[in-house]
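Student: Pasting a structure here, questions to come.
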Amino acid sequence: MCENEKERTLVIIKPDAVIRGLIGEIISRFEKRGLKIVGMKMIWISKELAEKHYAEHREKPFFKSLVEYITRTPVVVMVVEGRCAIEVVRKMAGATDPKNAEPGTIRGDFALEVSDAICNVVHASDSKESAEREIKLYFRDDEIFDYPRAEDWFYRKGI
């Protein structure tokens, strides 16, 4: 549970969202929620990188299809920062299985009804440890930036 501290988390806008033109809509939701994008790029994930990212699923039956899916098209990877960012982003993303995602969440609003739950629009780190590990997989330190936003002023002034 977050104690209202500033955190960073990794978000991946997955192939099903990229090919449907949802990148801007998804980024906009995070920014409107007061989260700050401190790193972002479009990349084509290699098979090797995908296998590192999803290493904890290596022995699961869906591992191969997960790697094939995430390497199918370019994706957008982002480092998102904010108070309790990991928890907030996970709530905004919605249930991992799109069939269970509530309307108003990213997956609830944008995931298509397909038999494969891996086509779920976004990836969001599930813990502080995962976020730190995943951010290091995709970003060098000099690719993550700090800059002021209006929210910083509100928190500093105690409004």
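Each Cβ is built from the backbone N, Cα and C atoms, and glycine gets one as well.
According to Swiss-Prot, the feature ATP binding site maps to Lys14, Phe62, Arg90, Thr96, Arg107, an assignment based on sequence analysis. Annotation source Swiss-Prot lists active site, pros-phosphohistidine intermediate at His123, citing sequence analysis.
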Student: Within its own chain, what residues at least 6 apart in sequence put their Cβ under 8 Å from the Cβ of Arg90 (ATP binding site), listed in sequence order?
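Tutor: Correct list: Ala124, Asp126.
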Student: Given the ATP binding site residues Lys14, Phe62, Arg90, Thr96, Arg107 in the record, what is the largest Cα to Cα distance, rounded to whole Å?
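Tutor: Max Cα-Cα spread across the ATP binders: 21 Å.
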Student: How many Å separate the Cα atoms of Phe62 (ATP binding site) and His123 (active site, pros-phosphohistidine intermediate)?
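Tutor: On Cα coordinates alone, these residues lie 16 Å apart.
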Student: Quick check for the class: what is the C-alpha distance, in angstrom and rounded, between His123 (active site, pros-phosphohistidine intermediate) and Lys14 (ATP binding site)?
Tutor: 7
